[in-house]
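Following: one structure in structure tokens, then a few remarks.
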Amino acid sequence: MRHRGLGLAALLALLAAVAPRSSAAAGAALWPMPLSVKTSPRLLHLSRDNFSIGYGPSSTAGPTCSLLQEAFRRYHEYIFGFDKRQRRPAKPNSAIELQQLLVTVVLDSECDLFPNITSDESYTLLVKEPVAFLKANRVWGVLRGLETFSQLIYQDSYGTFTVNESDIIDSPRFPHRGILIDTARHFLPVKSILKTLDAMAFNKFNVLHWHIVDDQSFPYQSVTFPELSNKGSYSLSHVYTPNDVHTVIEYARLRGIRVIPEFDSPGHTQSWGKGQKDLLTPCYNEHKQSGTFGPINPILNSTYNFLSQFFKEVSMVFPDHFVHLGGDEVEFQCWESNPEIQGFMKQKGFGKDFRRLESFYLQKLLGIVSTVKKGSIVWQEVFDDHVKLLPGTIVQVWKNQVYTEELREVTAAGFPVILSAPWYLDWISYGQDWRNYYKVDPLHFDGSQEQKKLVIGGEACLWGEFVDATNLTPRLWPRASAVGERLWSPEDITSVGNAYNRLTVHRCRMVRRGISAEPLFTGYCDYEYKT
């Protein structure tokens with residue numbers, strides 16, 4: 001029987017490449033692959049009742065660190081809490097039991113702080129009988145090490161929790177490893193966002209890029225300007241209250257994840273205008289107002305008064321040092337049609353180059369954000385249109401046409417870069433497109449070593465035109481996992497075949513933990529997803 005969309009030869013090739021059936025008995029399958037892994041054939045057993053996670057005697061963090069206490073509870077449950085299989089009769093227990101994981105934080109723990117771009121996520125993990133040791137400079141490394149430790153443990157054919165003696169040294173290749181979610185095209189319930197944060201932690205992502213508002217809706221509930229969401233959201237039940245936002249930020253912090261909001265302007269702002277009078281530019285048709293509106297009006301003082309107050313609030317709500325300001329896809333037609341803007345352009349000597357007007361607006365906005373002690377991230381058009389950027393402004397490269405050239409130009413100008421162009425997960429295709437994401441290397445462009453140091457990482461972007469809570473998780477995972485390993489693991493971890501074998505197991509592990517990750521290909525999981 002011919003498979004629709006595949007020739008016989010292609011189908012046979014796919015079947016030949018299928019991974020071993022992903023079951024717990026497959027042993028540990030680490031994802032993302034650590035920097036250095038040494039494993040021994042010597043096996044240790046664990047039991048729920050006899051195993052515990054505690055602190056080493058020299059640890060700077062202890063039982064008062066709620067972040068770690070919550071993580072210990074969470075990972076104990078991840079390891080033992082899904083043991084629902086019918087077991088075979090127990091075999092004679094010949095292996096030595098692993099009784100404890102001792103965690104040591106070496107430096108100031110940062111237990112009550114928020115993660116940032118320079119947070120230390122490195123750790124070492126030594127698993128030997130009768131006690132395993134996890135050591136990290138900060139709590140952020142402990143979180144990453146706990147995830148790795150949990151992945152080392154599997155159940156053998158008798159259902160016994162088993163781990164190989166192991167010695168692991170690990171740290172991330174890039175400091176910025178993000179997922180973009182879009183809550184403007186479709187509202188995503190807080191529960192869905194929290195589930196995404198769980199999955200991000202399983203894949204060692206550390207940035208949630210929250211594209212929170214756009215043309216279609218303004219669900220962010222501003223205390224200073226409540227009419228923005230009252231009139232700009234889809235409905236009053238489709239908003240994120242201050243408590244909702246705080247819940248997301250704190251849930252992320254407990255998993256070592258930063259939350260960076262994006263308030264894109266001057267374009268992508270139609271929803272803003274519904275609740276903020278005179279913010280948008282009136283468009284004209286044959287010398288009369290057409291009744292439609294374009295980008296934010298860049299020539300009014302009231303615009304910048306509003307932006308100053310709004311971003312002052314944003315700076316207090318979101319603790320991360322960076323705010324994403326967008327700046328992409330600004331359409332100039334409405335500005336061109338408006339006689340007041342034409343007069344302003346003439347007064348400023350801008351001629352008919354509306355990129356200079358865009359630059360005028362964005363430079364003022366960058367200054368406002370700097371005044372509230374925040375750094376800025378912008379989409380690549382802001383750089384391409386020669387806006388004068390403040391030092392340290394991060395440029396996010398998203399256009400897929402020769403993105404390597406864009407990386408070269410931005411880094412040559414001395415600006416840090418986030419790469420997203422090859423990782424737009426909303427562009428779905430038949431088959432195993434995760435392989436294409438996996439093969440990308442952010443540093444494969446023509447540039448000096450100093451330039452390549454400016455590539456701080458990347459993001460997998462899932463835009464929301466066709467995504468809501470019903471398909472958010474399976475569309476993200478495990479496709480985003482491929483990006484996660486590329487951004488965490490060493491440059492020489494490139495074998496797609498090896499990745500496939502590990503990722504099928506990791507996908508089942510996510511399913512076991514309640515993440516509805518879609519399958520990579522044919523096969524099964526010992527713990528199938530329960531709705």
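FYI, residue positions are counted from 1 along the chain as it appears here.
Any Cβ shown, glycine's included, is placed from N, Cα and C.
Pulled from Swiss-Prot:
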type     : residues      : note
SIGNAL   : 1-24          : signal peptide
CARBOHYD : Asn50         : N-linked glycosylation site
DISULFID : Cys65-Cys111  : disulfide bond
CARBOHYD : Asn116        : N-linked glycosylation site
CARBOHYD : Asn164        : N-linked glycosylation site
DISULFID : Cys283-Cys334 : disulfide bond
CARBOHYD : Asn301        : N-linked glycosylation site
ACT_SITE : Glu329        : active site, proton donor
DISULFID : Cys508-Cys525 : disulfide bond
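Overlay of Swiss-Prot feature records on the structure.
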residue: Asn50; record: N-linked glycosylation site; Cβ within 10 Å: 11
residue: Cys65; record: disulfide bond; Cβ within 10 Å: 22
residue: Cys111; record: disulfide bond; Cβ within 10 Å: 18
residue: Asn116; record: N-linked glycosylation site; Cβ within 10 Å: 15
residue: Cys283; record: disulfide bond; Cβ within 10 Å: 17
residue: Asn301; record: N-linked glycosylation site; Cβ within 10 Å: 7
residue: Glu329; record: active site, proton donor; Cβ within 10 Å: 11
residue: Cys334; record: disulfide bond; Cβ within 10 Å: 20
residue: Cys508; record: disulfide bond; Cβ within 10 Å: 26
residue: Cys525; record: disulfide bond; Cβ within 10 Å: 20
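Mapped onto three states, the DSSP output places Asn116 (N-linked glycosylation site) in coil.
Considering only the recorded positions Asn50, Cys65, Asn116, Cys283, Cys508, Asn164 (N-linked glycosylation site) has Asn50 as its nearest partner by CA-CA distance.
Nearest by CA distance to Cys65 (disulfide bond), out of the recorded positions Asn50, Glu329, Cys525, is Asn50. Recorded residues Asn301 (N-linked glycosylation site) and Cys525 (disulfide bond) have their alpha carbons 60 Å apart, per Cα-Cα distance. On the backbone, the CA of Asn50 (N-linked glycosylation site) and the CA of Cys508 (disulfide bond) stand 26 Å apart. DSSP classifies Glu329 (active site, proton donor) as coil under the three-state reduction. Checked against Asn116 (N-linked glycosylation site) by C-alpha proximity, the disulfide-bonded residues Cys283, Cys334, Cys525 yield Cys525 as the nearest.
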